[in-house]
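Heads up, the thing below is written out as structure tokens.
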Amino acid sequence: MASSLPVDAIRALSQQHEKPANVHYQYGTAGFRTLGNLLDSVMFRVGILAALRSKRLDGKTIGVMVTASHNPEPDNGVKLVDPRGEMLEAAWETHATNLANAPTTDAFIDALDAFIKLLRIDLSKPARLVYARDTRPSGPSLIAALEDGFKAIGAEARNAGVTTTPVLHYLVKAINTKGTKNAYGDDTEEGYLQKLSTAFKKLVAGKPAIPPLVIDCANGVGAIVGEKLAEHLGDTLKLVLHNTAITTAGALNNACGADFVKTSQRLPPSLASVLKPGQRACSLDGDADRLIYYYLDDRSQFHMLDGDKIAALVAAFIVELTKSAGLEGEIQVGIVQTAYANGGSTKYLSERLPVKCVPTGVKHLHHAAEHYDIGVYFEANGHGTVLFSPETLEKLSTYQPSTPAQSTALNHLINLTQVINQTVGDALSDMLLVEVVLAHKSYSGLEWDSLYVDLPNRLVKVVVPDRSIFKTEDAERRLVSPPGLQAKIDELIRRYDGGRAFVRPSGTEDVVRVYAEATVRSQADGKSLILDPSIRFPADLSTLADRTCFPRCGIGLRRGRRRPGKAPR
């Protein structure tokens, strides 16, 4: 190799970021994620790993995002973004884990050396990086450790400052496609805002005025970028931002944000005196890559419009546009879901277009969506986007419509490719996408909600000492470990019409997630839905807490029941 590893520089700086003993790190779906005060060594090593990733890819720019998304404020994390704005190649997750867990500086250098030889990385190649962080208090010190990693290996790094995760993904793709025929946009946050707002204005031109939209920014970085987006949109769509206290200690994701709304299935308390019946509102999460909509009906009852509802709204609209453009049969639209998708949405969508179920995690959804001409994926938690294949983009740019109606539909499709952030789920981009469809269909929240009926469901998090003993199969819909637990679940769900339940370990927190749903019954007025009181979650699933099922962890799956001394995270 024309160049060698700068061992002395790495050793000198690494000794300032020693790995804590008795801590094991795991690079998962969301990268590394744990308490922020445990991540110093990880950040330094990720800085070097990101540079090596860039060298391995001939100097393509790699992104590094410091965030813990919807997690509590004390947590933080870091993930790498590959050149097309997509998640890090899966094979590198193992390499990242191995390097992060080297116990000493010398062991880390030895692991680096072996890794470079294994992958035949040419160290003479340039290393180009772009990095950003969210608003967490631990962010600045972790960024400093990351920058030491860049410095140790001599990488060329651009600081994108405090911004959303989706903006960082956008920047990576924009930088790597700059000056090509596939240029994604100007490689700045301003370029991102300009691209989205310009396409949105074209898509809603001539439509009736859109009522203001209330946005819960989760007291996170979405408040900063959301305010800038509001300026770009002007009167086209008035954004009313709430929960924007980004400097208030403990406020981030606390009783607000997309995860709070989805998990608790209720309005953020801070919006109780704000939201009026019939008004639309939505919640972002801490790094603005998740989106949950909701509204109050005329009796001030809360109704949630989650990722499943967004997928149904968007997919149906795109199918309509392809037909109107005369492209039916030439462009296949498909939906990708996870086990968390509500049974009502799966039934509605599968009657209209192909539906595929994959394991939880953006990388699984994104990969599966790439197999369609237009792939729509949304997790129920509100994380998702729409992917247009390169062939489809080419077809849209060269297709010759034969009528004015076809021409209009074609232009709408082309503008949709611009308003959608195709690199990753993006709450602000998805919000504009939803608003486009609502404007075109003249839907209120109630009419959107009426596309299909959600089966009543509950999702709870339960703290466990060792989430690794929970093993799943069938796209995470069935447990293979601990032994006997799946049989108990099967026995329970057979009691209920349309019953479905599963238990899976979280990929981002030290918990297991328990999901259950069953067929609805209409109340006398035919509008509101009730859940059979005998299966009010998690009453029956609490029998899963039979401690004989959990000989190694001794937990109960009863909401609020945790092992003594185990605080919820």
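Backbone N, Cα and C define each Cβ position, glycine as well.
Listed features, source TrEMBL:
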DOMAIN    61-96  domain 'Alpha-D-phosphohexomutase alpha/beta/alpha'
BINDING   S69, D285, D287, D289  Mg(2+) binding site
ACT_SITE  S69  active site, phosphoserine intermediate
DOMAIN    106-179  domain 'Alpha-D-phosphohexomutase alpha/beta/alpha'
DOMAIN    200-291  domain 'Phosphoacetylglucosamine mutase AMG1'
DOMAIN    306-443  domain 'Phosphoacetylglucosamine mutase AMG1'
BINDING   E379, A380, N381, R504, P505, S506, G507, T508, R513  substrate binding site
DOMAIN    459-523  domain 'Alpha-D-phosphohexomutase C-terminal'
Inset, instruction - Averaged across the domain 'Phosphoacetylglucosamine mutase AMG1' (306-443), what pLDDT does the model get? Just tell me the whole number, please. - result: 95
Legend entry - Fewest other Cβ within 10 angstroms of its own Cβ, chosen from the binding-site residues D285, D287, D289, E379: E379
Legend entry - binding-site residues (P505, G507), the one with most neighbouring Cβ atoms at 10 Å: P505
Legend entry - Intrachain neighbours beyond the domain 'Alpha-D-phosphohexomutase alpha/beta/alpha' (61-96), with Cβ under 8 angstroms and 6 or more residues off its ends: 27-37, 39, 42-43, 46-47, 49-51, 53-54, 115, 119, 128-134, 136-139, 142-143, 146, 165, 168-173, 175-176, 184, 218, 249-254, 257-259, 285-287, 289-290, 362-363, 366, 381, 422-424, 508-509, 569
Inset, instruction - Specify the nearest of the binding-site residues E379, N381, P505, G507, R513 to D287 (Mg(2+) binding site), where nearness means the distance between Cα atoms. - result: N381
Inset, instruction - With S69 (Mg(2+) binding site) as the reference Cα, tell me which of the binding-site residues E379, N381, R513 is the closest one. - result: N381
Inset, instruction - Quick one: give me the count of other CB atoms within 10 A of the CB of R513 (substrate binding site). - result: 22
Inset, instruction - Consider the binding-site residues E379, N381, G507, R513 and say which one has the Cα lying nearest the Cα of D285 (Mg(2+) binding site). - result: N381
Legend entry - binding-site residues compared (S69, N381) - highest count of Cβ atoms within 10 Å: S69
Inset, instruction - Run through the domain 'Alpha-D-phosphohexomutase C-terminal' (459-523) and tell me, per DSSP, how many residues are helix, strand and coil. - result: 12 helix, 27 strand, 26 coil
